[in-house]
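In what follows, a single structure is set out as structure tokens and then discussed.
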Amino acid sequence: MVADVLLTHFNQLFCLNDPGHPLTGQEMKKATIVEDGYIAIKDGLIVALGSGEPDAELVGTQTIMRSYKGKIATPGIIDCHTHLVYGGSREHEFAKKLAGVSYLDILAQGGGILSTVRATRSASFDNLYQKSKRLLDYMLLHGVTTVEAKSGYGLDWETEKRQLDVVAALEKDHPIDLVSTFMAAHAIPEEYKGNPKAYLDVIIKDMLPVVKEENLAEFCDIFCEKNVFTADESRYLLSKAKEMGFKLRIHADEIASIGGVDVAAELSAVSAEHLMMITDDGIAKLIGAGVIGNLLPATTFSLMEDTYAPARKMIDAGMAITLSTDSNPGSCPTANMQFVMQLGCFMLRLTPIEVLNAVTINAAYSVNRQERVGSLTVGKEADIAIFDAPNIDYPFYFFATNLIHQVYKKGQLTVDRGRIL
């Protein structure tokens, strides 16, 4: 077979034989590091990879040849938890945060999520589209090729649908692949204050059926937290969503452990998010139910909290984990997955191999794209992040700098030395 593109002489390729399930426990410590590696691409797919000189049959008169001495290649990075589409920003709350006002106290004062809800409700489709596109551009420049994007800053049907429509439009227009999550249960809207059940009924009866019918989202999520939605309320919504055919996620055990992990396990959610306050019993329940733990260390960093999710304990117990930005205007205003990956080492005490597995193959399973992306594997799409680094440890050791040299998306050179092509 003659390749369309042949990428050769990488210092290292980060490869993996996809086992057919998210990596758990000791599996997360394993990878195949190919020295002097090459990747052959045809019709947007990986058709061969190996070490040394490529087979002669891969090279034709039209084959594009590129050499990458001094560089490494990983699968395209996957950010599987973002709140991508929103209006406004919340830097005006930064002084309060520095003064020690808590996240929940800011929310109780009408700020936080509710502040962004007001800004998003007043924002036009074009405003939201352009703002979200800029964030996606930034992510792409940092090696991200697939992104999960939630609604949740409307808390009414008109605005929630506008957010989902923006995601759908960007999925068509932007190189990054987007996976949509419906999260109208992100907070209790002011017009339903004191009556969350009534709001959940509106979501179940009036919103979810339309989202499903119009194929606006693949996943449904809820914020199960003290002073937001209880475990029973979360179970009520997610069980109805599951009956309608949605895959499930749940924000759980971020600030307090109030039963969200139990709901995730009972309903076989794909993932439980945050988990800073998870208990040993909660870890065991998620492992037993096969729920992926999606950890968001940049949120803990941004909130200036001391308690990070117990990633080391989770992996050692046999759990599958992912790492994501939680990109949002309040608790985590970043879109930099390289920073998150570095926090995975510095604050969660994971190894570079564990982090790379978390943000590639496990993240692919988390967004239900494992058949297409998540590993440098023959037959998968050629989503490739190329780092200006001599080995896979270097991007973690040399932190706070964008080390992306190039990005390939579906076999096309999409980013070249800081420019989107």
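Each residue, glycine too, has its Cβ placed from N, Cα and C.
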Item checked: Residue in Tyr129, Tyr153, Tyr308, Tyr365 which Swiss-Prot records at the 4-imidazolone-5-propanoate site where Arg90, His186, Glu254, Ser331 also bind -> Tyr153
Notebook entry, point to check: Where Swiss-Prot shows His81, His83, Asp326 binding Zn(2+), which of His174, His251, His405 is named for the same site?
Noted result: His251
Margin query: Taking 10 A as the limit, how many CB atoms besides its own sit near the CB of Ser331 (4-imidazolone-5-propanoate binding site)?
Written below: 22
Checklist line | Nonlocal neighbours by CB distance (under 8 Å) for His83 (Zn(2+) binding site), same chain, sequence gap 6 or more | finding: Ala149, Lys150, Gly152, Tyr153, Met183, His186, Asp326, Ser327, Asn328, Pro329
Notebook entry, point to check: Going along the chain, which residues six or more apart from Glu254 (4-imidazolone-5-propanoate binding site) have their CB under 8 A from its CB?
Noted result: Glu225, Glu273, His274, Leu275, Met276, Met277, Thr299
Notebook entry, point to check: Just how many other Cβ atoms lie inside 10 Å of the Cβ on Asn328 (N-formimidoyl-L-glutamate binding site)?
Noted result: 25
Next item on the list: Provide the number of Cβ atoms within 10 Å of the Cβ of His251 (Zn(2+) binding site), excluding the reference atom itself.
Entry: 29
Next item on the list: Give the number of CB atoms, excluding that of Gly330 (N-formimidoyl-L-glutamate binding site) itself, located within 10 Å of its CB.
Entry: 26
